[in-house]
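The next block holds one structure in the form of structure tokens; read it before the comments.
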Amino acid sequence: MHQFEEELTCSICYSLFEDPRVLPCSHTFCRSCLEGVIQLSSNFSIWRPLRVPLKCPNCRSIVEIPASGTESLPINFALKAIIEKYRQEDHSDVATCSEHYRQPLNVYCLLDKKLVCGHCLTIGKHNGHPIDDLHSAYLKEKESSGKILEQLTDKHWSDVCLLIEKLKEQKAQCESIVQDDKKVVVQYFKKLSETLEHKKQVLLAALDEINRQILEEYEPHIEKLKKIREEQLELMSLNTSIQKEESPLVFLEKVDNVHQRIKALKEKELPDVKPVEVYPRVGHLLKDVWSKTEIGQINKILTPKIKLVPKRKLHSKNSEKERGKPEELLQAANPLSVTFIFTVIIAIAVLSFHKPISSVVIESIPTHISDFFGFLYQDFCTCMQNTVDVVCHKLNSLAEFLGGIVPF
């Protein structure tokens, strides 16, 4: 607090003097503060004298206050004038209370550890709290600054530093793990994408090849029939022109020529068109095999050899509906094919165990036998898948039945 401001502060309320009155001992106090002291003293007195004795709060000397009270005490006009002038001046360097207008913060509250004004102590929320003057509080806190430094440099803060380093290390480890996992994910899906792209190109190449075979199969027949059709149209046009011929000799010669050409044209052998189909169907393969294969096993799926084969006859008109029934699918399985394939697999396994089969032997197998095995393999896979579906369906039905009887 400014030294000049301290001289203008009441020692009872620690605020700027309000209506300053002078005691006989020459000490000045606020009139309201003196009335409070007199009221407190009169509460302990059993009689009311003509003059009220009062102990000065500063010098502790006994002074007498007239019976009329503090109103009869002289006003310190000089001090009052100085205070009024002081209040009119700008004191931006002096801290003032935020709750009490223009009251300086000139007292230190020991309970709340903060600066307060005189009104805070008398009528505010700090009333009755232990206090100290600013200079004394400053000296005490200055002496305890060493303890503050000790509190800020004890083992607790070393533990905080160690914990920070430990957390940073754990954070770095976790981030490293995440980065490694990211690399694994990228590599995994890159490899998976390459595998799928390779399988895609292989299947598309196989379909392009079968498309070429389709052209070779049908295009010659179509061209041959087109020529026959063109010759037919030519003969029809020739016949129309002959009908306009008026010379009997010329007409007969031309008609005979037309008959011979028609006979020769009709005697030409027409191509024997047998219904064929593409087998196996890639769409069915993707649906029945690929969609049920684990991702990691896709690279192990064999690419089928797509061919044009004679179209198989349907056993009934509702064969497509019957294929959807698990029981009839199971009955449709060819026991002879399954037995034959199992026998071949066992024989190959025995021969491989006894003596590895050389690549020369494998390559010496005729092409038609290899195709036959491929055809049987596709049928076998389809039959086995149908069998598994039926078994799973039966097991699920049994589990639902038992679940309704015996609670799990």
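Glycine too: its Cβ is placed from the backbone N, Cα and C atoms.
Feature annotations, reproduced from Swiss-Prot:
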ZN_FING   10-60  zinc finger
ZN_FING   92-134  zinc finger
BINDING   CYS97, HIS100, CYS120, HIS126  Zn(2+) binding site
COILED    163-247  coiled coil
TRANSMEM  333-353  transmembrane segment
Within-chain partners of the zinc finger (92-134) [C-beta distance under 8 Å, separation at least 6 from its ends]: 1-2, 5-6, 9-10, 13-16, 140
Binding-site residues: HIS100, HIS126 - member with fewest neighbouring CB atoms within 10 Å: HIS100
Binding-site residues: CYS97, CYS120 - member with fewest neighbouring CB atoms within 10 Å: CYS97
Whole-number mean of pLDDT values that fall within the coiled coil (163-247): 92
DSSP-derived helix, strand and coil totals, residue by residue, for the zinc finger (92-134): 6 helix, 11 strand, 26 coil
